[in-house]
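Look at TrEMBL and you will find B:94-306 tagged as domain 'ABC transmembrane type-1'. Feature annotation from TrEMBL assigns transmembrane segment to B:36-59, B:98-119, B:131-151, B:181-202, B:222-244, B:282-307.
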Amino acid sequence: MARVELNQITKGFQNQTVVKGVNLVIPDGSFTVLVGPSGCGKSTTLRMIAGLESVTSGEIQIGDQVVNQLPPGKRDVAMVFQNYALYPTMNVYDNIAYGLRNRGTSKKDCKILVEEIAEIVGLTPYLKRKPSQLSGGQRQRVALARAMVKKPKVFLMDEPLSNLDAKLRNQMRVELTSLHKQLGSTFIYVTHDQVEAMTMGDQIVVMSEGNIMQVAAPMDLYQEPENLFVAQFIGSPAMNIIPSENDSQTLWGFRPEKALIMSDAVTTVSTNEMITLRGSIVSREILGADSLYYVETGKGRVVVKMDTDQTVELQTSVQVCVPYSHIYEFDRDSGNRVQRREGKPAPTLAGGMV
Amino acid sequence: MRKAVAAPQISGISNPTKQQVRAGVTQAWMERLRPYLYVAPALTFFFLFFLFPIAYVIYLSFFDWTLLNLEEMDWVGFENYSALLAESDFHQVLWNSLVYTVSTVVLGILLSFLLALWLNKKAKVYGVIQAAVFSPHIISLVSVAMLWMWLMDPQYGLLNALLEMVGLPGYTWLAETKSAMISLILVSIWKGVGYNTLVFIAGMQSIPRDIYEAADLDQSPWWRTLTRITIPMLSPTLFFLLVINTVSSFQVFDTIYVMTQGGPINSTNMLVFYIYEQGMDFYNGGAASAASVILLGLVGILTFLHFRVMGKRVHYQ
Ligand SMILES: Nc1ncnc2c1ncn2[C@@H]1O[C@H](COP(=O)(O)OP(=O)(O)O)[C@@H](O)[C@H]1O
Ligand SMILES: [Mg+2]
């Protein structure tokens, strides 16, 4: 068990910098998820923590120790690889026991430990099999068992569920979270899937192009995005972005699930509490309980998420209403969040009441 | 067992006419014949140039005949074989072939493996060295043999000059019974090591890198990574090289022909050269065919053994 700290970490490959001065504290016992689009440097960051990649500059601390110079085996971390990286020529038992044997654990203790772990992850009947004779889910468990058996301070996982089918992935997601609770060790988990991040992490690190965009708990990330990138990356479908009403320097954003579609005929909408966009519905996607409506408005195309029961016909002229309390304002140039709107924007704010 | 069931007669649908039935039958036949027609050209080629010569040489080995007079062929049964097996020269030939093959294969593969371990790296230098090591493979074996004869010349050869430079006595190389065999083995290894190394490197590069990373995280010491991961993962490559090297070593001819002519005193005479000698120098077709069949049998047995003994341990992905 240990906290992990990254101080001004950078990583360059040839002439390209892929991690650009990352500062991050991963608290002891947390389930920290690194999330971001593919190629943003998540794996590279994780591999630097593991020691599989050297750092170009900066300092990595695991526990109280600076580990920059330590080889991977000496950092007391275990990693679950995306493609599992099992030893193909060894059977399941040897795969799990290999790390223990290398540490000099006796054969007898090895047997006890491996069998205990195999029981936990449900591999006991398969100990004699080669990885090629296992299903994807079983291989995943072997990879997990191989990491767990070493009782490391930190678990590193690089998109460990991405090779599983959807059903198994959901199941493993739950199992991993409960495993984390059970072990109490620090988990650092890399994924490009925001749903995975939101459901599993207690601390989420959003990355983009080698930079950290925001570090927060899942709900905070959804409710209080600090910048355009996070606002659009977290949440599905992505936040709508429109030009703001009277300030060309800022952009407004609102989530598809916070907007309402109203008939064009309704005129009772109070413009003091809501913004209203007039337009017509160009297409509709039914997701099941919810439907997505694509509305072409004077400020661009926006998406509105509504209950499927409330059907609205295509091509209908409608107005999209969003309460000011659900509008996020961002600086157009920096992309940073300006403030949370609590009422109508300043120029026409008359009463002074907030 | 299928029960005979009378076809149900459905009114309105007439039974197929005889003509239709016949057309159906020919069509079914064509369907069955079609795959054979597709492979016929290849099969013809195979029978004509592979199976037939093998069968024919087996047939010839039961006759006493000479290349000088193909009219007279006397059936002698296994006499050619018994004569060969009784001859001490032939024993020596078999022994030489065995020594040569085992040494070339074992040393050659070992050396190639070590080279591959060393050269399997990213930097440009290694690519250059790899190309250099590979180059003998593309030179004709006769040229290689000539080249090494010069190098090994006791008077003005480069090898002895080098030995003298470091104060060692010159070596007889091809001129003495013991050293001639060693020289041939040396040349064969030199010629083959590039190809073997290349195949090994290709094999090594197909091992996923993350397996080594997992091993690093598992604190695997280098020698255990080598014996528990690299070598087992290379077993198909190793097996392949073992088989083709054994077969080609058993068939060595060019270097013997150019460098030693089987001498001195039969010390480097091996199966294929012996067959050539019997047939082309002594015109003894019977002995040559019988020796060919023995060669075929030996290589066959060895290959079979490889598959039986080694094949089981090979790990295929
Ligand atoms: N070994 C490498 N050599 C050169 N470039 C690399 C190497 N590994 C990763 N990169 C580059 O670094 C960037 C980040 O990669 P990575 O950390 O794997 O992204 P992610 O895991 O977020 O998808 C990518 O542009 C990738 O091409
Ligand atoms: Mg990645």
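Backbone N, Cα and C define each Cβ position, glycine as well.
Automatic prediction, not curation, is the source of TrEMBL annotations.
Against the transmembrane segment (B:131-151), stretch B:181-202 shows more Cβ pairs under 8 Å than any other of B:36-59, B:98-119, B:181-202, B:282-307.
The stretches the transmembrane segment (B:36-59) and the transmembrane segment (B:181-202) do not meet in space: the count of Cβ pairs below 8 angstroms, excluding pairs fewer than 6 apart in sequence, stays at fewer than three. Away from its own ends, the transmembrane segment (B:181-202) comes close to residues 96, 99-100, 103-104, 107-109, 111-113, 115-116, 119-120, 130, 133-137, 139, 141, 144-145, 148, 152, 173-174, 234, 237, 240-241, 245, 248-249, 252, 255-256, 259-260, 267-268 of its chain (Cβ-Cβ under 8 Å, at least six residues beyond either end).
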